[in-house]
Amino acid sequence: MLVWILFLLCQVGAPALAQDLCQRDAPNGYKVRISLKTALGEDAYEWNQSEMFFFQATMAFAMRRHFQMETYNVDNIILCVQTSRVSFWFVVTSPDNTTMLIPKADVEKAVRMSRHRINNAFLLSDRTLEFLGIYPTLAAPVNPDTPPWLIVFGVVIGAVCAGIIALLVSSLLQKRRKEKGMTEDGQDEEDMQVKGVENGINLDGTYNRGFTDDDRFTKL
Amino acid sequence: MKVSNQDLEERIPSYEELEKLENEEAGDRPKWDNKAQYMLTIVGFCVGLGNVWRFPYLCQSHGGGAFMIPFLILLVLEGVPLLHLEFAIGQRLRKGSVGVWSAIHPYLTGIGIGSMCVSFLVSLYYNTIMAWVMWYFFNSFQETLPWSQCPVNANMTGLVSECERSSPVDYYWYRETLNTTPDIDNTGGLQWWMVLCHVSAWALLFICISRGIETTGKAVYITSTLPYAVLTIFLIRGLTLKGSLNGVKFLFTPDMNELMNPTTWLDAGAQVFYSFSLAFGGLLSFSSYNSVHNNCEQDAVIISIVNGATAVYAATVIYTIIGFRATEKFDDCISGNILTLLNTFDLPEGNVTENNYDQVLHSLNGTNPEVIQGLNLKTCDLNSFLSEGVEGTGLAFIVFTEAITKMPVSPVWSVLFFIMLFCLGLSSMFGNIEGVLVPLQDLGVFPKSWPKEAIAGTTCVLCCLVGLIFVQGSGNYWLSLFDSYGGSIPLLIIAFCEMVGVVYLYGIDRFNDDIEFMIGHKPNLFWQITWRFVSPAIMFVIFVFYFITKVQETPMYKAWNPESENFPTLEEKEYPTWIFVIIFILAGIPGLSVPLTAIYKCLRNRCCKKDNEFKQDDLNTIAKQVHLTDEATKNKPDIPETADGR
């Protein structure tokens with residue numbers, strides 16, 4: 001009979017005790033904030049008791065994963081102070097002694113280790129499932145061996161150099177072609193020039209001396 | 001009224017000679033392949049970066065739609081007449097800027113030299129902007145654009161502090177691109193990545209100008225048309241984005257009170273003037289390659305219309321994107337505030353939305369005022385986001401790049417935008433370099449035996465080396481210095497002298513006859529009035545006001561100083577005293593070259609009394625050789641007379 005009364009007292013007292021362990025701003029507890037509408041928009045599911053149970057199970061899993069020896073259970077995760085924002089506080093009790101709380105640092109390590117799994121369980125992300133006080137680790141920057149801009153620069157400067165070489169070669173070829181042409185009928189031109197000065201008035205056209213000096217200019 | 005001008009006929013080709021040149025196609029002056037090349041080159045020269053990043057800012061800050069009124073009025077009264085004048089005189093005298101002015105009167109050679117100096121100074125810094133555009137272009141070929149997020153700091157604990165305090169785009173521009181020093185005294189050394197881009201910009205320019213208009217004429221088919229295509233693509237994309245119409249409305253909402261403000265009219269006048277690239281000498285040069293009977297009057301009107309329309313079109317496109325960015329920032333700001341409220345008061349999601357935000361805030365302020373104060377909620381104002389830093393390099397490299405990061409498929413838009421900027425700038429550079437190369441050739445600085453490629457190459461190498469000032473740590477400050485002082489006051493002086501020189505020294509009557517010879521009818525009353533009185537008066541007024549404003553204010557510059565108090569805002573600093581020497585060189589030398597050359601020529605004329613020498617001192621240009629040879633063979637008996645007389 002006494003045992004039965006004691007048992008009844010324990011049943012009533014346990015939640016009360018649990019209530020003392022978990023409270024707002026508990027020294028070993030964390031506040032969790034969930035933004036379902038931001039994350040999922042129209043597909044957002046409703047946050048109810050089943051989801052709370054799922055959370056307890058996920059946290060227990062995270063604790064087990066971190067402390068591989070200990071067997072944590074759903075009862076070891078105590079939740080309180082739920083709001084309609086969807087935010088709540090939780091504390092973790094030790095499986096051996098339900099009155100003893102696991103220190104904050106250990107809980108943090110466990111959460112960090114399984115953060116990705118926890119997020120995925122709820123279809124959320126680091127931003128929409130927040131553990132206030134546990135900051136997400138920043139992704140390591142991806143440093144490619146060659147900066148991409150150097151590659152594009154290389155392509156452009158290669159094209160430019162090719163263009164400059166083509167330009168110089170083509171102008172050299174033109175010069176050579178002109179020189180060949182000049183030596184062939186150089187004699188004729190000199191005669192014409194002389195004629196032009198002497199018979200200026202009678203000649204049909206005036207020879208434009210501008211051109212003879214021009215052979216070293218590029219053809220325009 | 002006309003000042004006496006001796007020997008003018010000796011120095012310029014007569015109508016008969018012009019007809020001969022035209023019919024026989026003799027003479028070795030380069031020619032345009034077709035009219036389209038000429039028009040595209042001129043359009044490319046006039047339509048530049050200023051249309052994209054100066055005009056929209058002026059429009060928005062001076063009363064939106066109301067700004068169109070002074071802009072259009074001054075376009076008609078100032079822009080078109082000056083443009084027609086430059087086209088006509090270049091086409092008639094068929095020489096570059098130094099050649100034209102020394103032909104009109106040897107004492108006016110200074111105008112040509114001034115144009116050359118200004119073109120040189122502007123080319124130096126303009127190509128550095130091209131280098132910056134190329135840097136951003138090279139970096140656009142990545143999935144996540146590098147200016148969309150802050151880099152992580154050395155020990156991976158958080159973001160780089162300078163970036164966190166300002167913004168990723170600011171950090172990328174000031175630190176990773178420019179690596180700016182806190183003030184102009186620290187040079188900061190050459191930034192190797194910028195040197196590479198700088199060299200590649202000059203190399204690309206060299207390829208395009210190496211043979212003069214033979215190569216630029218081909219290049220402009222792309223560089224002048226591509227910007228229009230890209231602007232259209234951006235317009236279509238922009239109009240489908242949320243908030244774009246806010247931007248367009250903001251741009252064009254007229255505020256008629258601004259018309260009373262004289263600064264509005266001054267800014268409109270200056271914008272018309274700089275937008276047409278007048279007084280650089282490039283327009284004169286390009287026009288001189290035309291056939292003699294080309295209708296320059298029609299060209300001037302068409303170019304002016306195209307330039308004005310492009311400015312308005314570009315402004316619309318830019319502001320659709322600015323409107324989008326401002327709306328995004330506004331939405332982010334409001335969402336941030338809403339989230340803070342929800343978190344603090346543990347209200348369910350969706351309780352506070354944009355619509356009832358003000359109501360809820362008000363009621364919460366009534367119940368828990370201390371809590372609300374402690375939250376430090378940001379004030380979100382759409383108009384302040386719309387008017388943020390939207391001029392010059394700030395527009396292109398900070399505001400627009402930020403807008404692009406918010407658009408889906410950002411790398412594509414980034415590549416398109418920077419290609420457009422590059423083409424706009426490159427086509428303007430063609431004109432600038434033309435204004436440098438042709439006078440150098442005319443002045444005989446380079447030996448006659450050098451081919452065109454060598455001359456272009458030497459000039460490019462020299463400009464590249466001098467331009468290394470702009471790729472140091474403090475390069476940005478030097479560039480704005482050059483921009484404010486080198487590219488403003490001297491141009492106004494030169495343009496004013498140009499007008500006065502043509503109308504009163506060359507003679508407006510002779511000029512009218514020339515135009516009648518070239519295009520078949522005399523210029524009508526509108527041109528007469530604007531050339532003789534209206535345009536010079538406007539130029540004079542703008543010059544005086546600009547001069548007074550610049551001289552009165554202490555020159556200040558805005559520096560990016562991470563240690564300053566209002567950090568993300570740029571710090572206003574005074575220039576050190578040695579900068580005044582530089583300012584004098586930049587603004588004074590081109591401007592003073594007009595009177596100084598005149599005095600120099602006058603003194604030389606006085607002290608060496610032989611008139612023969614006076615004539616032979618004239619520029620020995622190639623076209624002149626043709627003219628002389630013709631004279632020699634045609635009028636042989638007359639030569640002794642012209643040598644002795646006068």
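Cβ atoms are placed via backbone N, Cα and C, with glycine included.
Here the structure is a predicted model, which means the values were calculated and not measured.
DSSP classifies B:G44 (Na(+) 2 binding site) as helix under the three-state reduction. Using a 10 Å radius centred on the Cβ of B:G44 (Na(+) 2 binding site) and all shown protein chains, the other Cβ atoms total 27. Taken from TrEMBL, the feature Na(+) 2 binding site applies to B:G44.
Among the features that TrEMBL reports, Na(+) 1 binding site is placed at B:V47, B:N51, B:S275, B:N307, B:L424, B:S428. There are 25 other Cβ atoms within 10 Å of the Cβ belonging to B:N51 (Na(+) 1 binding site).
Beyond its flanks by at least six residues, the transmembrane segment (B:38-55) meets 32, 129, 213, 216-217, 220-221, 223-225, 227, 271, 274-277, 282-283, 286, 289-290, 299, 302-303, 306-307, 310-311, 314-315, 318, 391-393, 395-396, 421, 424-425, 427-428, 430-431 of its own chain at Cβ-Cβ distances under 8 Å. Per TrEMBL, transmembrane segment is recorded for B:38-55 (among others).
If you look up TrEMBL, you'll see B:67-89 (among others) marked as transmembrane segment. If one looks beyond the transmembrane segment (B:67-89) by at least 6 residues along the same chain, the residues whose Cβ comes under 8 Å of a Cβ in the stretch are 58-59, 100, 258-259, 264-265, 268-269, 271-273, 275-276, 278, 283-284, 287, 296-297, 299-301, 303-304, 307-308, 311-312, 495, 498-499, 502, 506, 511, 514-515, 518, 523, 527, 530-531, 534-535, 538-539.
Sequence annotations record features per position, and here TrEMBL assigns transmembrane segment to B:110-138 (among others).
The list of residues near the transmembrane segment (B:190-207) in space but at least 6 beyond its ends in sequence, with Cβ under 8 angstroms from a Cβ of it, reads 127-128, 130-132, 134-135, 138, 177-179, 215, 426, 429, 433, 456-457, 460-461, 463-464, 467-468, 470-473, 475. Taken from TrEMBL, the feature transmembrane segment applies to B:190-207 (among others).
The transmembrane segment annotation in TrEMBL covers B:219-239 (among others).
According to TrEMBL, the feature transmembrane segment maps to B:268-289 (among others).
Sequence annotations record features per position, and here TrEMBL assigns transmembrane segment to B:301-322 (among others). Residues of the same chain lying 6 or more positions beyond the ends of the transmembrane segment (B:301-322) and with a Cβ under 8 Å from any Cβ of it are 39, 42-43, 46-47, 51-53, 55-56, 59-60, 68, 71-72, 75-76, 79-80, 83-84, 228, 231, 234-235, 238-239, 241, 244-245, 247-248, 250-251, 275-276, 386, 390, 395, 399-400, 403.
According to TrEMBL, the transmembrane segment annotation covers B:412-433 (among others). Residues of the same chain lying 6 or more positions beyond the ends of the transmembrane segment (B:412-433) and with a Cβ under 8 Å from any Cβ of it are 41, 43-45, 47-49, 51-52, 119, 122-123, 126-127, 129-130, 133-134, 136-137, 140-141, 145, 204-205, 208-209, 216, 219-220, 222-224, 226-227, 230-231, 233-234, 237, 277, 280, 282-283, 286, 396, 400-401, 404, 456, 459.
What TrEMBL lists as transmembrane segment is B:454-473 (among others).
Sequence annotations record features per position, and here TrEMBL assigns transmembrane segment to B:485-508 (among others).
Positions annotated as transmembrane segment by TrEMBL: B:529-548 (among others).
Sequence annotations record features per position, and here TrEMBL assigns transmembrane segment to B:578-600 (among others). Here the transmembrane segment (B:578-600) has long-range neighbours at 107-111, 113-115, 117-118, 121, 184, 481-482, 485-486, 488-490, 493-494, 497, 555, meaning same-chain residues at least 6 beyond its ends whose C-beta is under 8 angstroms from one of its own.
Cα separation, B:N51 (Na(+) 1 binding site) to B:G44 (Na(+) 2 binding site), rounded: 11 Å. According to DSSP, B:S428 (Na(+) 1 binding site) is assigned to a helical segment. The stretches the transmembrane segment (B:110-138) and the transmembrane segment (B:529-548) are not in mutual contact, being linked by fewer than three Cβ pairs under 8 Å (pairs 6 or more apart in sequence).
When Cβ-Cβ distances under 8 Å to the transmembrane segment (B:268-289) are tallied for each of B:219-239, B:454-473, B:485-508, B:529-548, the top count falls to B:485-508. Distance between Cα atoms for B:S275 (Na(+) 1 binding site) and B:G44 (Na(+) 2 binding site): 11 Å, as a whole number. Taking the centroid of the Cβ atoms of B:V47, B:N51, B:S275, B:N307, B:L424, B:S428 as the Na(+) 1 site, the other same-chain residues with Cβ within 8 Å of it are B:G44, B:F45, B:C46, B:G48, B:L49, B:G50, B:V52, B:S277, B:T310, B:A311. Counting only same-chain residues 6+ beyond the ends of the transmembrane segment (B:529-548), those with a CB under 8 A from a CB of the stretch are 74, 77-78, 80-82, 85, 262, 266, 269-270, 273, 488-489, 492-493, 495-496, 499-500, 502-503, 508, 511.
Outside the transmembrane segment (B:454-473) by six or more residues, the chain places 120, 123-125, 127-128, 131, 178-181, 186-191, 194-195, 198-199, 202-203, 205-206, 209-212, 433, 436-437, 440-441, 446, 479 with a CB less than 8 A from a CB of the stretch. Rounded to a whole number, the C-alpha distance linking B:L424 (Na(+) 1 binding site) with B:G44 (Na(+) 2 binding site) is 7 angstrom.
Distant neighbours of the transmembrane segment (B:485-508): 1-3, 5, 8, 82, 85-86, 89, 101, 104-105, 108, 111, 114-115, 117-118, 121-122, 125, 270, 273-274, 278-280, 528, 531-532, 535-536, 539-540, 542-543, 546-547, 550, 583, 586-587, 590-591, 594; these residues of the same chain sit at least 6 beyond its ends, with a Cβ under 8 Å from one of its Cβ atoms.
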